[in-house]
């Protein structure tokens, strides 16, 4: 075997080295490869973990190669796409059992710190410059994170990047083919913004190849979801795109196409949504309608402190005296407050708990969780220590929510859905909200095809009217410590165990000291918590309506009315 170096480039024959079909685990001979494409891969928290490549050999076969982050600097910007290299001292390993870039490839290559590569000059014949594993829409099936697929199509509309309830940015659009089919696509993070920017540079119909996509089932339909290995490929020099553009000639690109699967079924009542979710949580059902907020639960507070590292938004805990993110396995020095509102809502067919995370919470309140915490720290009103006024004012109001059946959760008699979004005037799918009378009018509700189990009541009293004057006392009238009802929107009720001198734990702003109020004696205060101390109400206090309100919202007659005081427990030294 003869070799010569000409101008820093090694000349070699095509017979040098191995081909991919000759590779075995542990192979260490030389091989000539063409670099077809490359990308950087991140983990789920956005942390860079490797630089990856697709190589092809002289037989036109392709293989996935990876260089971990600790050695990637040896290869980044040195292995150029479209060029040929002689590789030595690499490691051949079995292909991954999950997240395979190439589904049918038996092996993959790991580039090491000892790997040697040299650019070579040979005939490019036989090397595949643009290898893809294109899957037609009709052949798509759920990949279950075992492998990725490449797809090709054209896009007519993709203009708006949105933010999910967990804070992740997404771009959603339909990818269409020449046969009149389409499939929904979700691009995550910066990839969506890159897609919009690249599409804006192309005049006319935008044709594109999306590599390394996951196929998932969402609300009864197949959808494509991007990964950290996804590339947006739209070069006019790629033969596959050229042939696809030619196939679009004579196709009415404005014509409506049918989805690969039926979209979600729409329902208009809580009872219908509950009925569908109880029978089959995976069935695609969406609820978009007006509901009335009857209470806000505070047992688990109305916000969470979350991680701020990278794209992580997990809740934090405490470890070694600091906030700690278990997902990132790191200390969090500046945690962020995000909404986790649990509201009781109803229409005339039933009631349910709706959970609003940060994005939906801001849509509803029109303020960030941090701004409410700042207001709470400055307030001298004892009611604000449990629930800020901006949240109490929501009770009794009518709002339009979008709820989806796959978020259904049940524990005992507790049933809830996550709020996908709060529909505001001017937004898509918004309709004029129904009045409270319409929500409670049986004639406005369509009959169900089969009886629906009565939705459980959750011990939250609907406020009848706005109080003229807010009381600083907390009337203990119910039995559910999660509810924040009250006879008026500005009133506040909490529940305590009958016959106990110490009330249930109250969530307060961390570090906020509450002024001690004269009341009963605290029993064994818990470090870092506040307690409710009960005193009997005087006979001159206003009576509390203990009557059954028509459901189970008030659990019987309260035998002994008491006044609750919030007191502070000093930290033990």
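Along the chain as shown, the residues are counted starting at 1.
Using the three backbone atoms N, Cα and C, a Cβ is placed for every residue, glycine included.
As recorded in TrEMBL:
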| type | residues | note |
| --- | --- | --- |
| COMPBIAS | 463-472 | compositional bias 'Basic and acidic residues' |
| DOMAIN | 30-119 | domain 'Replication protein A 70 kDa DNA-binding subunit B/D first OB fold' |
| DOMAIN | 292-406 | domain 'Replication factor A C-terminal' |
| REGION | 463-557 | region 'Disordered' |
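When DSSP labels each residue, the domain 'Replication factor A C-terminal' (292-406) comes out as 29 helix, 47 strand, 39 coil, counted as helix, strand and coil in that order. Helix, strand and coil residue tallies for the domain 'Replication protein A 70 kDa DNA-binding subunit B/D first OB fold' (30-119), in that order: 3 helix, 46 strand, 41 coil [DSSP].
This prediction places the mean pLDDT of the domain 'Replication factor A C-terminal' (292-406) at 90.
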